[in-house]
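Participant: TrEMBL lists Trp44, Tyr146, Lys268, Ser302, Arg392 with the feature substrate binding site. What TrEMBL records for Gly109, Ser110, Asp239, Ser303, Ser304 is pyridoxal 5'-phosphate binding site. The annotation N6-(pyridoxal phosphate)lysine is assigned in TrEMBL to Lys268.
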Amino acid sequence: MTSPVWHPFTQHGLNEPIPHVVRAEGATLHLADGSSLIDGISSWWVTTHGHCHPRIAAAIAHQAGQLDQLIFAGYTHEPAEAVARGLVDLMPQAPGRDPLAHVFFSDSGSTAVEVALKMALGYWHNRALDGLGEARSRILVLEHSYHGDTIGAMSIGERGVYNAAWTPLLFDVGTIPFPHPGREQETLAALEVACAEQPAAFIVEPLILGAGGMLIYPPHVLRAMADICARHDVLFIADEVMTGWGRTGTLFACEQAGVVPDIMAVAKGITGGAIPLAATLATPRIFEAHRSTDRARLFYHSSSYTANAIACAAAAENLAIWAEEDVRGRIAVLTQGITDRLAVLADHAAFANPRQIGTIMAIDLIAADAGYLSDLAPRLRAFFLERGLLLRPLGNTIYLMPPYCIDAQQLDAVFAALVAAGDYFGSAS
Ligand code: PLP
């Protein structure tokens, strides 16, 4: 019987096998047919500690019997308060910079980004109501970025065949060229010019663009971009949806550049990847611009499940795990494990551009049909699936983003499959 399920980002016409997963633990997925897979991308970059961390599973079970869901407009609960306090404490800080002191909850990375954009425009709108300058609405973005699939998030992301159908709904943005090595000054000069025109905000994925091809740029460029925005009083928004929760080696990528954004979006690993939750953090001036008795200044945003108590309990437990377990130690071991193995892979003639930041590694397969939309990706997916590995290459870019608990043996198996892919596809294509 054919399934009625319509899967995301899935080319149903290809009739690719759709593995049926029944159980998971750590970096392992168990399939209905009794076989297993190594989860090489933390199930879309979310299960940071591995699947079904017992503490997070227990926290969810406990909370489900206490308080499941509460309208969050004007009501609160301890799991949300605990997460908000914990997040504020963990945010990047720098002398002379206002702290990210206010937390707005939502349910996914895309909505956290939408909220960030709405906060930015709300800030300028409300200031204009106070007679403090013009309302601003233009958003600057970094070329090749991905911020999600809702209309606003798509508007600020790379345009292409994947959002062509919705072009009439997308708003205009200013695109700043990506800081490719040797061309960083072009980026900074373009940003300087664009900021002089007083846009509302500039949004970036700090240090690495994820879905746009795992493109890495250095902390000093992130810092310089933030400084330009500060100089022109343009709000700087960091989308740490992918980079957060230790992925780049530090808890948040902005730390490596000494950058404290005006607004920051976090999601994915906020619950250790067990259940959807996201948050958008803002500095006091953004919050204060909305704190008013005037109904015109209220922050008009919510969803039914804002700050769901079960999701918040999972996030609170995730914060406790970060405080009490040696997560940073695990990240250091995994980072080194990837570095050691990547050195071997880098010598393989079929590969180019080996790159790594923390626990994220990427390499490009040299192939005739390269590029994000090449037919290579489904063939590579099938190749890895046959070898017991869940990977989802971006065109000819093969990347890893494993759970921090993946062990050395599993990592060996992952890299053996990568070498095999190089042997097979390097000569075949
Ligand atoms: N922002 C970035 C940088 C992402 O990588 C993603 C998802 O991969 C998103 C936003 C959207 O997050 P979600 O898929 O939870 O909506």
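Each residue, glycine too, has its Cβ placed from N, Cα and C.
Curation does not apply to TrEMBL; its annotations are automatic.
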Participant: Quiz question: given the binding-site residues Lys268, Arg392, which has the greatest number of C-beta atoms lying within 10 angstroms of its own C-beta?
Facilitator: Lys268
Participant: Please state whether DSSP places Ser304 (pyridoxal 5'-phosphate binding site) in a helix, a strand or coil.
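Facilitator: DSSP call for Ser304 (pyridoxal 5'-phosphate binding site): coil, neither helix nor strand.
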Participant: I'd like to verify something. Among the binding-site residues Ser110, Ser302, Ser304, which ones have a C-beta closer than 6 angstroms to some atom of ligand 1?
Facilitator: Ser110
Participant: Provide the three-state secondary structure of Arg392 (substrate binding site) computed with DSSP.
Facilitator: coil
Participant: Within 10 Å of Lys268 (substrate binding site) (Cα to Cα), which of the binding-site residues Gly109, Asp239, Ser303, Ser304 do you find?
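Facilitator: Close binding-site residues: Gly109.
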Participant: With DSSP assignments reduced to helix, strand and coil, which class does Asp239 (pyridoxal 5'-phosphate binding site) get?
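Facilitator: Strand, per DSSP.
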Participant: Whole-number Å only: compute the distance from the Cα of Ser302 (substrate binding site) to the Cα of Gly109 (pyridoxal 5'-phosphate binding site).
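Facilitator: Pair distance, Cα basis, whole Å: 15 Å.
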Participant: Trp44 (substrate binding site) has how many other Cβ neighbours within 10 Å of its own Cβ?
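Facilitator: The answer is 14 other Cβ atoms.
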Participant: Tyr146 (substrate binding site) to Asp239 (pyridoxal 5'-phosphate binding site): how many Å between their Cα atoms?
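Facilitator: Distance between the two Cα atoms comes out at 10 Å.
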Participant: Calculate the distance in Å between the alpha carbons (Cα) of Ser110 (pyridoxal 5'-phosphate binding site) and Arg392 (substrate binding site), and round it to a whole number.
Facilitator: 20
Participant: In whole Å, note down how far the CA of Trp44 (substrate binding site) lies from the CA of Ser303 (pyridoxal 5'-phosphate binding site).
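Facilitator: Cα of Ser303 (pyridoxal 5'-phosphate binding site) to Cα of Trp44 (substrate binding site) measures 23 Å after rounding.
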Participant: Distance between Trp44 (substrate binding site) and Ser304 (pyridoxal 5'-phosphate binding site) at the Cα atoms, whole Å?
Facilitator: 24
Participant: Based on Cβ atoms within 10 Å, give me the single least packed residue among the binding-site residues Ser110, Ser302, Ser303, Ser304.
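Facilitator: Sparsest of the binding-site residues Ser110, Ser302, Ser303, Ser304 by Cβ contacts within 10 Å: Ser304.
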Participant: Between all pairs in Gly109, Ser110, Asp239, Ser303, Ser304 (listed as pyridoxal 5'-phosphate binders), what's the biggest Cα distance, rounded to the nearest Å?
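Facilitator: Result: 23 Å between the two most distant Cα atoms.
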Participant: State the three-class DSSP label for Tyr146 (substrate binding site), counting H, G and I as helix, E and B as strand, and everything else as coil.
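Facilitator: The residue in question, Tyr146 (substrate binding site), is coil (DSSP, three-state).
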